[in-house]
Amino acid sequence: MEIYLQIFIAIPLIGFLASLLAPSAKEALLSRIAFITVGLNALMVTLFIVAWIIQGRATLNLRDFVVFRSANYEFLIDFCFDKVAAVYLMVGSILTFLVTIYSRYYLHREEGYKRFFNTVLFFYLGYTIVVLSGNLETLFIGWEILGISSFLLIAFYRDRYLPVKNAVKVFSIYRIADVGLILAMWLSHHLWGQNITFVEFNNEALVNAQLQTHAMVGILVSLMILISAAAKSAQLPFSSWLPRAMEGPTPSSAIFYGSLSVHIGVFVLLRTFHFWEHQLFIRILIGAVGLSTSLVATGIARVQSSVKSQIAYASIAQIGLIFIEVAAGFDNLALFHFAGNAFLRTYQLLVSPSVVSYLIREQFYNFIPRQHTIEDSLPKKIEYTIYMLCLKEWNLDAILHRYLWKSIKWAGNRLEFLQVRGVLIFLFTAGVTGVLAVVYKQSIPDFLNKSLPYAFGLIGLIMVFKAFTKRKNVQLTLLLIVANHFMIALAVSFNEHFSFDHILIYLSGIVVSGLLGYLAILRLKMLEPLVDLERFYGYSYEHPRIAFTFLLACLGLAGFPITPTFIGEDLIFSHIHDDQFVLAFIVALSFIVDGLALIRIYARVFMGPHVKSIHEMAYRSS
Amino acid sequence: MQSTTFHEHEVLHRLKHFLPAQAPLKDFIHHNTLHAFQNISFQEAIKQATEIFGYKTSLTIDEYRVLLASGKIKDEVLREIIIRRKGSKDVNFWMKKLLHEAFIKTKIPRVGMVRAYWKNTYRLDLDAMVHPTLFRILCSYLDQGIAMWNFPVWHKGFLSSIREMERSSFTSFFKTKYVKQLLLDGKCGIEFLLDKLVGDPALYEHYLFDQQFAHQGWSGMVSAIEDNPDTLLDHRKISIHDLITFELLLELDALTHQLGKSWKPLGKIIADRPVNLFAEVPTSELSEAIMMFQEAYEWTYYNAVLGGLQRQEQVTEKTGRSFQAMFCIDDRECSIRRYLEKFDPTCQTFGTPGFFGVEFFYKPEHGKFLTKLCPAPVTPKYLIKEIEGRSKQQKDLHFTKQTHSLFRGWLITQTLGFWSAIKLFINIFRPSVSPATATSFRHMDKFSKLTIENHNPNHRENDLQVGFTIEEMANRVEGLLASIGLVKDFASIIYVVGHGSSSVNNPHFAAYDCGACSGRPGSVNARVICHMANHKQVRNILALRGIEIPDITQFVGALHDTTRDEVVFFDEGSLSDENKLQHTRHEQLFSIALDHNAKERSRRFEIINSALSPEAVHDKVRLRSVSLFEPRPELNHATNALCIVGDRSLTRGLFLDRRAFLNSYDYRIDPQGKYLFSILKAAAPVCGGINLEYYFSRVDNQKLGAGTKLPHNVMGLFGVANGIDGDLRPGLPNQMIEVHDPVRLLIVVQHYPEVVLETIQRNVETYEWFINNWVNLVVMHPETKEIFVFREGELHPHEQFSNSPDIVTDLELLVETHQENLPVYLIA
């Protein structure tokens, strides 16, 4: 029976590819592709679930195929199906189905009709992969798709400033979740000595045996999972991204940020429940995150005066409760709560424009001058303080901004002294030295051998910091990002002796994508006199093809599952020893910043208000 | 205008004048978007607005060239206009320019130039630091009922409320103590703060314009509420002065926080002073070219219409009318009248502003507030109350705030949550009216009673007289009948049909109702005027004044829902037996006409197959009006272009494609232009306002319109914005204007030229519309049918149009096969 699971991935994949090929003027064709894809999948899912229930609801696991294998490493695509997957798949399919029909008319004549359906189908593909994944590696593929499609949906109105700014903001939070997951994968690889499937968590004896010997690693894995889940589900301290994601057309906000995307964190927790269920500390921590989020988010929701942000915070508060339910082990309740919350918020967002006529009418007939709220009974000073804090969202957005962007910028600005030529000379020297050192590793003193990975890792990190803060030269920025990957490869090379093909797998995608990106920018520079990172240029307006090419290049460079680099990244991590947490952290951090730097280039050069037209461009503030 | 001294009061006054003047959503009323420029000519205004504020105020040269190539601008009309403007010598020179010259692209607008120095000098994005906080606080302060926990202090005014909260709180909206202290100590005069930030009084005005026009949506809303506090049901005290003060404080705070003391005021930085905002704007070839194209575009269309009007035969008055019906002048009523007349050639229809000459406040049963039901500039002295009406409110838990609280939310998500999925399913596959729908029929209960007659002038409520006295009623009925020329030959039933609309998921719902009733449905007005006209004593007075309405004649009020194409009649119970019988027949006629009207409208709707039978199409049109996913429930005033003041026989044989406001008028009973004066006094600002709002929202949908409505987020129930941190978006969303052709309104008056010329000059404000060309005016001589064009204060004979419009034989086929804007046709 598990063999059928592949169908639920295949249908959205084919649908997505078909939608890419459809001409953008053909609205009916595009919406029909989406309708058939999601409708068919929803139908199949329903039939499958019925059959599965009749057959006794056994947990299914499908070892689909091995993408890459070496002596002690295996990248396996694995699918798993149980009640968690069943509920998520069902809710996701129903909602996506309803929203595709809804959007068919709602988006009529909208510029970007095709882009919208492409992205929705892409999102749905990522969602089904995540939901059906049987191990962390498979999950990560879907996870990355969710991230990038979210970015594209938030920045759907790419010629306005705020959507692009907020899309980058949300993407940076997602990047934190990504790295949490990467680190969890790395740690668990070392914990088990192999890449493990979720089904194996069900084997309590096995899990306990491992955790008892590696208690600390076990806790760390769970912590990383929690960080990913909290970031993706907008729990504290990441909550402020959710309302800011409401920039796309209402149906996309409704389905993704109102329901599906934001519940993925809960899914990850449910999926890994058996792994951490005996770690009391983690369970308490998850509960505490949920509880504090639900309290803070409720307060913020109470003071929101715009419909969508109110719904967003109310939803976050409910997800906080779901976190508590999950931590308490009430998985059935959590699933039920998830489904109810997802449906409710989707509907509320979809009808949110009606709120004016409804509430104005209510006010007209039932107006009572000022209603007494609970907070009025507090002492004035406390009341004002809490109100102001809630209005400022407890500074959550500012804090994230300060610690995430500002600190990277700060570090990058410290490196201001590094100029183009300096960087190139430095890179060249470091590269040659590095390669020589690897070749003659035997003759290098041991202590040096041990510290060289860190040194090169750090150099790589500095490169991306620099890339992140560059304002002028786009090509150089790209070069720095590519250099970062080379440095990481070098760093890991010192660790142990492994065949060159691992490095090749890792770097092949980087080199090809880097070259592609470089050429795209070169082409753009031939057509446009002004290309830098000082401001938003919005060149996708005039050069959509170059923009798309460059986006592909960025995805490749960021380790998106379209090049072998995706597996390469995982491979590289498998060569970082479990006692080298600092190195793992450095590499992980450079992956975060690397993704941010790339999306920053893409956003600045290709998105935002088009630089050449003053007219017919929205105000910056709108 | 800028000088070295700064007069705060004057500058704020000027600023308010230029800000968008749109009221909160529930009171959406169309007006000229560039109202601030109305004292100068259209041509000059669009040039200045572009240069100063960066608005796009016309189509682009390339768009005009496409129109020229496709024949929507006729070559000979364009040449004619060049000759008139430039003389016949330069025709070819200018033609070449218009067709081929690459005009210089537009410059950076003047507004914003001073404040840009923050970014250029300090790499500081002041807007990004100040706007989110400012918008959020403003929205929370003004909120009309979205938040569950309201702004804790509100009755003292905006700035004082913030001061009070800052005074006793452990936290602050400001990042620095210094600025907080300035607010607390009251050391925050605008001039004082500007001195710190700008330092040079010569730049103050420019700086404030830069600052406020960086978020003109919010500033405009504050200004509108300051001028008319009643527009918010839950009153808020706020002023542009408070807003500016607070924003200056926030700016000072952000600068101090980011840069410490290492910054200088702008006045010390700016070496090259930017051009004064209101310095003269030189005329460019581009602006001249645009005007030539624009006029040619307009006159290509106008000429065909005028040709059609001239070819209409004056019908001799018939007797034995089946019924008469009055409709609103609204362009959307133009086709339903045509269908009524088609299916019953003996009926007669009239057009008049949809408040039917009765102005009053309306208080529905259980209502806590009053609603104004007359044109926006009028302030009525009367109150009409609804009694014995049923409740018009249905509840929907999805909109309630409990769903947002923690514990009740926990219960609700797990119960109602699943019901939402089913509701969504039903609405997608079988839409129906729900509490979320805004429908015109809910405005007044069909079976309620209205307090129309006043028996005692001392009967007052809310400082308004309840109902009208007999004399007052007679004056209004007389005014209405005389202005439309219905003073004899009364049919036995006269319908008075108001109009409204239905929509769901539409924050701009008020823009779809009757403009003459301040954006409300016209049902109450229709009932009120009918009651007056049916009143025995009123008729006695009218008879004395020469209007003799036979006893068998009865007036029946009705409401036409323009979205659903449904009509509801009121008080049919009081009809005489004979009239009741006739009325039943007329009801059938209305129903057929409505089906056909729906079919004609459906030609624009993508998802409806217009080739189906009228009944089938009508069913789909009704479904459409209650579908959550339909951003275009109807197209409202889109494509409006004409306003024809004269007898129906002028237009009866024309297919005007729902583009004309039709005001019935009989010059013969108004030789002095007394009624004409009041018609034009209302038609110019109302129809002209609608037309110009559509014009500007169409040509610059991003800056003067609201952009696409799909990502809109409702802010505080009074406005819409994109996302949660955006500026408010006044103007019309893209979905309302996309099919609109941006041409100015042509008002056609059927009267003697000298009378019209004298009449329009009686009122300065009305005359401004004509003399400055915000609307175009032509006069049609009632006897010779000669056409005169009003230009530069005089009427010039117009002889350009020899071409007669095409004849259309099968209207139904035309409707089934065309989606685009159609030219005028003669109906065979």
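Sequential numbering from 1, following the chain as shown.
Here the Cβ of each residue, glycine as well, is placed from N, Cα and C on the backbone.
As the structure is a computational prediction, the values presented were derived from the model and not from experiment.
The feature domain 'NADH-Ubiquinone oxidoreductase (complex I) chain 5 N-terminal' is assigned by TrEMBL to A:70-117.
Positions annotated as transmembrane segment by TrEMBL: A:85-107 (among others). Long-range Cβ contacts of the transmembrane segment (A:85-107) within its own chain (Cβ-Cβ under 8 Å, at least 6 residues beyond either end) map to 8, 27, 31, 34-35, 38-39, 41-42, 45-46, 49, 52, 113, 116-117, 120, 124, 127-128, 131-132, 249-252, 254-255, 259-260, 263, 267, 335, 338-339, 342-343, 346, 350.
Note on the transmembrane segment (A:116-134): residues 5, 8-9, 12-13, 15-16, 19-20, 30-31, 33-34, 37-38, 41, 61-63, 78-81, 85, 88-89, 92, 96, 99-100, 103, 107, 110, 141-146, 148-150, 152-153, 156, 197-199, 249, 252, 255-256, 260-261, 264, 267, 271 of its chain, located 6 or more positions outside it, place their CB under 8 angstroms from a CB of the stretch. Sequence annotations record features per position, and here TrEMBL assigns transmembrane segment to A:116-134 (among others).
Residues annotated as domain 'NADH:quinone oxidoreductase/Mrp antiporter transmembrane' in TrEMBL: A:133-355.
The transmembrane segment feature in TrEMBL is assigned to A:170-192 (among others).
Beyond the transmembrane segment (A:212-233), the same-chain residues lying 6 or more positions past its ends with a Cβ under 8 Å from any Cβ of the stretch are 173-174, 176-178, 180-181, 183-184, 187-188, 190-191, 261-266, 268-269, 272, 275-276, 279, 281-282, 285-286, 289, 316, 319, 323, 578. If you look up TrEMBL, you'll see A:212-233 (among others) marked as transmembrane segment.
Residues or ranges marked as transmembrane segment in TrEMBL: A:254-274 (among others).
Annotated transmembrane segment per TrEMBL: A:311-330 (among others), in sequence order.
Residues 452, 456, 459, 463, 466, 476, 480, 483, 486-487, 490, 493-494 of the same chain lie 6 or more positions beyond the ends of the transmembrane segment (A:423-440) yet place their CB under 8 Å from a CB of it. If you look up TrEMBL, you'll see A:423-440 (among others) marked as transmembrane segment.
The annotation transmembrane segment is assigned in TrEMBL to A:452-469 (among others).
What TrEMBL records for A:476-497 (among others) is transmembrane segment.
If one looks beyond the transmembrane segment (A:503-524) by at least 6 residues along the same chain, the residues whose Cβ comes under 8 Å of a Cβ in the stretch are 68, 474-475, 478-479, 481-482, 485-486, 489, 493, 531, 539, 543, 546, 549-550, 552-557, 559, 562-569, 571-572, 605. TrEMBL lists A:503-524 (among others) with the feature transmembrane segment.
Residues 141, 144-145, 148, 478, 481-482, 485, 509-510, 512-514, 516-517, 520-521, 523-524, 539, 568-569, 591, 594-595, 598-599, 601-602, 605-606 of the same chain, all 6+ positions outside the transmembrane segment (A:545-562), place their C-beta atoms under 8 angstroms from a C-beta of that stretch. For A:545-562 (among others), the entry in TrEMBL reads transmembrane segment.
Residues or ranges marked as transmembrane segment in TrEMBL: A:582-603 (among others).
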For the transmembrane segment (A:254-274), distant same-chain residues with Cβ under 8 A (at least six beyond the ends): 84, 88, 91-92, 95-96, 99, 120, 123, 127, 130-131, 133, 139, 143, 146, 150, 153, 177, 198, 201-202, 204, 207, 222, 225-226, 228-235, 242, 245-246, 286, 311-312, 315-316, 319, 322-323, 326, 329, 331, 334-335, 338, 341-343, 345-350
Long-range neighbours of the transmembrane segment (A:170-192), counting only residues six or more past its ends (CB under 8 A): 136-137, 139-140, 143-144, 146-147, 150-151, 154, 210, 214, 217-218, 220-221, 224-229, 231-232, 238, 241, 244-245, 265, 400, 404-405, 569-570, 573-574, 576-578, 584-585, 588-589, 591-592, 595-596, 599
The domain 'NADH-Ubiquinone oxidoreductase (complex I) chain 5 N-terminal' (A:70-117) - residue tally per DSSP class, helix then strand then coil: 29 helix, 10 strand, 9 coil
